[in-house]
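To start, the structure under review is shown below, and the notes come after it.
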Amino acid sequence: MISGRLRNTEYVINLRALGENIQAQKAALPADSKILAVVKANAYGHGLVPVAQAALRAGATGMCVAILDEALELRDSGLDVITLVLGITPVEEANVAAEAGVSLTVGSLDWLTKYHQFARQFNWKKPLKIHLAVDTGMGRIGFTNVAEFNQAVKILRRYPEFEFEGMFTHFATADSADHTYFDRQYARWQKFIESLDELPPYTHMANSATGLWHRDQITANTIRMGLSMYGYNPSGTDLPEDLHLQPVGTLRSSISFVKKLAAGESVSYGATYTAEHDEWLATVPIGYADGYPRCMTGFKVLVDGQYCPIAGRVCMDQMMVRLPKYYPVDTPVILMGRSGDLTITAEEMADQAQTINYEILTNFNNRIHRTYHY
Ligand SMILES: *Cc1c(COP(=O)(O)O)cnc(C)c1O
């Protein structure tokens, strides 16, 4: 995998801030609450293994990932904590999880019976740790029917091929000021919880938004902390948060080329930008193939504490910005983060790109080198 180590563009990750975000959330929950750090999608672009290690140091109990490959990458790095795959794993691959002690999400009786048949047929002895997903209104995966859920629990408790480790649900509108839909999902979750005489070791219903805005309603012993751990607000800018979250990532580069552009000259593909006056123009070595979206054309970056407009179209690997005056090659350029008194936030980038901060962050790919501060 290309890591971009030899280019002056990097994503600087402040793992101390990440730890403080976790501790702030932990301090706001009952003392016996556990945190599963959600590190899917390369830890929302921040780097799977370094983030997982930092989260554990800060008091997380384990990890959530989206797919089994991500869980195995954590195991390969030596992390032996509870690691839950949140998506549905193909039945035929599930014994790999059992062997690695990785916990899987199951949302149907069908999956359980198929796995049980395989396990018997191929003599897979090692118990597979299961978290049952309850669909209370997200409509993605999970049991919607309490009786079927109870049947699944019976299967998990009866057969030695399984270990009933957890149950969880996921909210669709926890980041909304209107609580109507949340409350409907919550009432359903309570029905599932109350249907069991004995709960599994891990119960979880809270994502970041639930941990921020429905803290007092959490009837579970564990929360799944995703975006807020990275210091971002799951509602974008809609709702204020009270944990003083600190964004952990700074996307920076530096000027690779600088020139004076004469009035009337144009820049970049399509020649959509034309200089009105003679002006200084810098080239910055980052582009849409790094996950800096092409639709940031017309947005801005920070140079020496000043906003500088992106001039012309963002290219695949480079882009141009207009400088207020001459700056030499190697002058730092902040694409996301702080310079002097000014900042560019993931939320502002998301507004420009007409998306959400989650997508901006997860787009930054491995061609951008990650640098970690501890
Ligand atoms: C991704 C995901 C999370 C984390 O969501 P955040 O909003 O980032 O906290 C939690 N639970 C499930 C099931 C997920 O898929």
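Positions of Cβ are set from backbone N, Cα and C atoms, glycine also.
Under the heading N6-(pyridoxal phosphate)lysine, TrEMBL lists Lys40. Taken residue by residue with DSSP, Lys40 (N6-(pyridoxal phosphate)lysine) is part of a helix.
Long-range Cβ contacts of Lys40 (N6-(pyridoxal phosphate)lysine) within its own chain (separation 6+, distance under 8 Å): Cys64, Val65, Ala66, Ile67, Glu70, Leu86, Gly226. TrEMBL lists Lys40 (among others) with the feature active site, proton acceptor.
Taken from TrEMBL, the feature substrate binding site applies to Arg140, Met316. The DSSP secondary structure for Arg140 (substrate binding site) is coil.
If you look up TrEMBL, you'll see 248-373 marked as domain 'Alanine racemase C-terminal'.
Sequence annotations record features per position, and here TrEMBL assigns active site, proton acceptor to Tyr269 (among others). In the three-state DSSP reading, Tyr269 (active site, proton acceptor) counts as helix. Spatially close to Tyr269 (active site, proton acceptor) yet at least six residues away along the chain are Gly312, Arg313, Cys315, judged by Cβ distances under 8 angstroms.
The average pLDDT the prediction assigns to the domain 'Alanine racemase C-terminal' (248-373) is 98.
Taking Cβ-Cβ distances under 8 Å and a sequence gap of 6 or more within the same chain, the neighbours of Met316 (substrate binding site) are Gly287, Tyr288, Ala289.
In this view, Arg140 (substrate binding site) is surrounded by 13 other Cβ atoms within 10 Å of its Cβ, with every protein chain counted. Residue counts for the domain 'Alanine racemase C-terminal' (248-373) by DSSP state, with H, G and I taken as helix and E and B as strand, are 24 helix, 52 strand, 50 coil.
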